[in-house]
Structures are given as structure tokens and as C-alpha cells.
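A.B. asks: Sharing the record's features from TrEMBL:
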| type | residues | note |
| --- | --- | --- |
| SIGNAL | 1-29 | signal peptide |
| TRANSMEM | 281-303 | transmembrane segment |
| TRANSMEM | 345-371 | transmembrane segment |
| TRANSMEM | 377-397 | transmembrane segment |
| TRANSMEM | 418-438 | transmembrane segment |
| TRANSMEM | 450-473 | transmembrane segment |
| TRANSMEM | 504-528 | transmembrane segment |
| TRANSMEM | 534-561 | transmembrane segment |
| TRANSMEM | 573-592 | transmembrane segment |
| TRANSMEM | 604-632 | transmembrane segment |
Amino acid sequence: MESRSRSMHKLTAKICSFLFLFLAHAAHCFYLPGVAPEDFQKGDLLKVKVNKLTSIKTQLPYSYYSLPFCPPKKIVDSTENLGEVLRGDRIENSPYVFKMRDPQMCTVLCRITLDAKTAKQFKEKIDDEYRVNMILDNLPLVVPIRRSDQDSSTVYQLGYHVGLKGQYSGSKEDRYFIHNHLAFTVKYHRDPQTDSARIVGFQVKPYSIKHEYEGKWNEKSHLTTCDPHNKRTVVSSNTPQEVEAKKEIIFTYDVEYQESDVKWASRWDAYLLMNDDQIHWFSIVNSLMIVLFLSGMVAMIMLRTLYRDISRYNELETQEEAQEETGWKLVHGDVFRPPSNSDLLCVYVGTGVQFLGMVLVTMIFAVFGFLSPSNRGGLMTAMLLLWVFMGIFAGYASARLYKMFKGAEWKKLAFRTACMFPGIVFAIFFVLNAIIWGQKSSGAVPFGTMFALVLMWFGISVPLVFVGGYVGFKKPAIEDPVRTNKIPRQIPEQAWYMNPTFSILIGGILPFGAVFIELFFILTSIWLNQFYYIFGFLFLVFIILLITCAEITIVLCYFQLCSEDYLWWWRSYLTSGSSALYLFLYATFYFFTKLEITKLVSGLLYFGYMLIASYAFFVLTGTIGFYACFWFTRLIYSSVKID
């Protein structure tokens, strides 16, 4: 028996070690689609792609070739995913020719002569501070900028500016100058065994220079301002290239290759380097203080007040004594009376469950690194797909609540749940898209993509909501812990601080206070064209938001019931949901203090998208508050003996 047991142990150990090695190998070999490393040998051709032109002043992206830059022989569009299209990305090939570890100097790209129209186009884009975005081996082009503070660290600006405005010495008239010479630096990590290399950095220093040449221009003309044979390179913009009609512009570039110790897996670290993590920790600590305060309040209510109240109520012997009592027990016969517009409440609760599921799963994927910036558009695509598939939970949640309210037309409710929130958002989005289309921006969603979104909505989301609604309605109805009286009890006059509007507005302050610091970084990443990749912090803040919404609603609901006001259904939803109002007010404050948007169209886009975000935040936080209050009321009234 012992030998058999020993042999079994050995076999188990071998199987475990095999599985461990297999999993370790699988983990080592696993890469996300589109972000696997590519090895290049010396002299291999590198594909440089161009992306949209972006501006933090207008928020309207344009395709690279909307300006008369040097085109390749044939412009080829790269296949973009759903998220990239919605972001306004338009990735195309470029005329730049890079060969791995083969430096180039003063390579002439093309020569153009501006007319009045093209000169005006360049001037407008320079005025609005547009940047050119490029991609090499899935890495975005960045401009390294040395900070002037004590640590002298380097920060990276995404893309280089089309040009700049300036004045000649002795003149007060503004002139426009174009960046027509680009000094690229490609950083690579070399494998000493195979001599192959992987790209780990893509940087540029843009210059504006008025190129000169001898004689008439032809393809073999040599530049006198930038000559590789005489080792004369462009190192400054002392003689800049002005943008004016009938002026010629010669576009040139250098390519330098630098070996780097940075490995391929860590190549995004420089882009995502976070210098302000102390602020995020402050945000977490600040939010935790709010949670601890509210948790203390809830604990006091649950352990002391409620325990005392329930004990006292259960000791009452006569109906007369019960009638003499005041407080939350008095409204036991009305507290579970269905609210007015109960159908609408069911719709919003179902939508909130759908939104909560989408956000939670997206956060988990992001924390585990599945939605890294290297997978462009991945976050947006994942959120849309998750929203569509979470429809089944929306239908289930709304139908369960609807049946508890003695509703019968579950199909009508399911349709409203599937269409109400997405319909309002789609209507706002359609108007905003029409405005972008009118500006001829690449940010306008094409008709085909719009059709695909509608198809996902009505082809997947709506049927799933109906499936969830069917399953939810077939389940037995949730029974109330106490009977509801036939005649509604009169609500006594309330103190000013228990006024519904006042208590609802007060209830939204603490949930907003728990997230507003992190909100600043999210708005900065969206509107100031920066990376946001601190999903670990964001996940912690989100958990704190859930707890805060639940606790503040429970506290205010208890005070409301103690003042013999039993209309808690809608108020519980609106109490935590009112934090969306503060979010929109903060977005307005951010617009006027941090952004430099001056155009009406750009302002409409900002407030339109922030309205959608605030509406979604309202649905999410409102649902959390509602379910917390729903659980709380059922708990306390099921603990009391009712004659």
C-alpha cells in the first residue's frame, strides 16, 4: 500500500510539474492580437504609418492627407477596429522609407509650391495648434521635452506640431512657419545571439528650415542647407520656412538609430510614466476617509439605533402602545407601496445593472492589462461589446422589479429597457456626429459604422434584454416582508432639511467627492490627448464609489423613514444619482479653467459628450443607491414583528 501511495504521489508531482511548465510556457508565449513583437534584421524595411491630425484647441481630428503633405504613390488605408473609427483614427501609409539600423541624413521627401488655398489650410492648422501623429511598429511618434524642474526629467508629447507662429526680429506682424524637416530617432533593443532587433522607441525633433539648392530644381538637386556628403545637418530653426502663397516648401528627414537597454515588453513604460502618483494616493486616502466616516454612520444606525428600536418595537404588547410610537416602524404598512411611475424606475434600474456590469468587467480586463494603449481602440470596442452583451442582465433586473410591483406587460417593459437609455444617447451622438461631419473632420463616424452600431443594438442587445426579461418575469415575485395597507398613510409635514430636493442634492456631494480627483486625470487624458493607464487606481476609486453611494443612500433613507416619509423608491435612486449633476458642473469648471477651446463647434462637442458621460454616471450611481436602500428596508422591516 505504501509503495502504491508513493508511486501515486510521484505521478501527481510529475503531472503538476508538467502543468506548471506548460502554463509558464503558455504565459510566456501569450500576446494580445496586434501587439505581438516583431523582429527586424539589419536592412529590413520599416513601415511608417501616419494617423490623424489632432488639436486640443478644437477637438476635431482630421486625416493626415487633408493637408497637402507629401503623399506616397498610392494612399492605402489600414484596417481600423470599431474603437479606432469612433476615436477618429485614420491610419494610412506614408512616403517615409526607413531601413532597420541604416541611418539616413537629409533625405528629400518632396517639394511643393503653395497656392492661396493650401497656404490658408496650413495657417489654420498652425493657428489651432494641430499635431501630426505617426506610428512605427505600433508605437506612436513622440517629441521628447526636457522639464525645467529640479529632477530634469523628460516628458513625451504625442505627435509634433504642424508648425508655429512667430515674428521676425524688428517686426510685430505674426508669421506662420512649417516644420518641414524631421529628425527621427528609432530606438531598438538588439538580441546579441541572433543580431535581430525589436523597436522600443520612436521619437522626433521637428525643425523649420528654408532649404536652398543650386540651379533649377530636379530630382538630383543637392541641398546646400542640408548636405550629407559635407556632413551638414539641420540642428536648429534659425532660418525658418514661412507659409505663404507661391512659396516652395521642401520636406526632408533624418533617421538615426540608437541601441537601447529597454526591452520590448517595457517599451511603453516611458509613455505611461506617472510622475504624479502621490496625487492619486492622496485621492485614495481622501476617498477612504469619506468611506470610513459613512461606514461609521451606517454601523451606528445598524448596531445601536436599529437594534434598540427593533428590541423596543418587539416588546410592545398592545396595539395602542404601537400607535403611540413614532418613527420608521409606523410606516411599515406603506413602505413597500409601489411608487408612481414604477415602470420608469424598473427601466432605469435595469439600465443601471447593465452599465454596472459593463464597467466592472471593463475595469477587471483593464487592471489585468488586456486594454493597454498599444491596442488602440481596444477600450472603446470592449465597452461597446460588453454593453451589448450585458443587456440580458438589464432585462432580468427590470423584469424582477416589475413583477414585484404587480406589473403584467413585461414585453413592453423589456422594449423600453432596451431602447430608452441607448436611444437618448444615440440621439445626442447623432446630432454631434452631424456637427463633426459639417466640419469635414475624420472624427465623423462613417455611415457604415453607424449602421454597424444600430445592428449591434437591435440585433444583439434588444433580443438579449427580452431573453433576460422573460427569465426574470418567469421567476416567482419577490415578496414584501410586511403587508401593505389598502389606504395610504398621510405623510406629516417635514422639516426643511428633509425636503426631497435638499436631501437629494446633499446626497450626491460625497460620492462625487470620492472620485473628483481621479476625474481630473480622466478628463485630462480625454481632452488633452494624454495616455490614461492607471486602471489600478481607478478600480480602487470605483470600489470606493460603490460603497459611498450605498452608504450615503442608506443613511439618508433611514432619516427619511424616521420622519415618517415612506416615499423612498425614487428618492433612493436620485440621492446617489445626483452626483452626476456635480460631475457635469465640474466638467463645466474644467472647460473654463483648463481647456483653450474657443470655437463654438468644439464647445458643443465637449458639452455634448460630457452630457452623455454625466447621464451614464447618473444611471450607474442611482442604481447602486437604489439597491442599497432596497436591501436596507427589507432587512429592517423583516426584523420587526408586525401584528
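Residue numbering: from 1, along the chain as shown.
Note that Cβ sites are derived from N, Cα and C of the backbone, with glycine treated the same way.
Note that the structure is a prediction, hence the values are computed from the model and not measured.
Show me how these features fit into the shown structure, please.
C.D. replies: Below 8 angstroms of C-beta separation, residues 510, 513-515, 517-518, 537, 540-541, 544-545, 547-548, 551-552, 554-555, 558 of the same chain, each at least six residues beyond the ends of the transmembrane segment (281-303), sit close to that stretch.
Under 8 Å from some Cβ of the transmembrane segment (377-397) lie the Cβ atoms of residues 80-87, 89, 349-351, 353-355, 357-358, 361-362, 365-366, 370-371, 414, 417-418, 453, 456-457, 460-462, 464-472, all in the same chain and six or more residues away from its ends.
Sequence-remote contacts of a segment are chain residues at least 6 beyond its ends whose Cβ falls under 8 Å from one of its Cβ atoms, and for the transmembrane segment (418-438) they are 60, 347-348, 351, 391, 394-395, 444-445, 450, 453-454, 457, 461-462, 465-466, 601, 604-605, 608-609, 611-612, 615-616, 619.
Within the same chain, residues 56, 59, 279-280, 282-283, 286-287, 290-291, 294, 534, 537-538, 541, 544-545, 548-549, 552-553, 556, 571, 574-583, 586-587, 590, 594-595, 606, 621, 625 sit at least 6 positions outside the transmembrane segment (504-528) and bring their C-beta atoms closer than 8 Å to a C-beta of that stretch.
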A.B. asks: Can you see whether the transmembrane segment (534-561) and the transmembrane segment (573-592) are touching - at least 3 CB pairs under 8 angstroms, only pairs 6 or more apart in sequence?
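C.D. replies: Yes; at least 3 Cβ pairs under 8 Å.
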A.B. asks: I'm a bit unsure how to read this: which one of 450-473, 573-592, 604-632 has the highest number of Cβ pairs shorter than 8 Å with the transmembrane segment (345-371)?
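C.D. replies: The listed stretch sharing the most Cβ pairs with the transmembrane segment (345-371) is 604-632.
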A.B. asks: Which residues of the chain, 6 or more past the ends of the transmembrane segment (573-592), have a CB below 8 A from one of its CBs?
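C.D. replies: Sequence-remote neighbours of the transmembrane segment (573-592) are 345, 348-349, 503-505, 507-509, 511-512, 516, 519-520, 523, 527, 549-550, 552-553, 556-557, 603, 606-607, 610-611, 613-615, 617-619, 621-626, 628.
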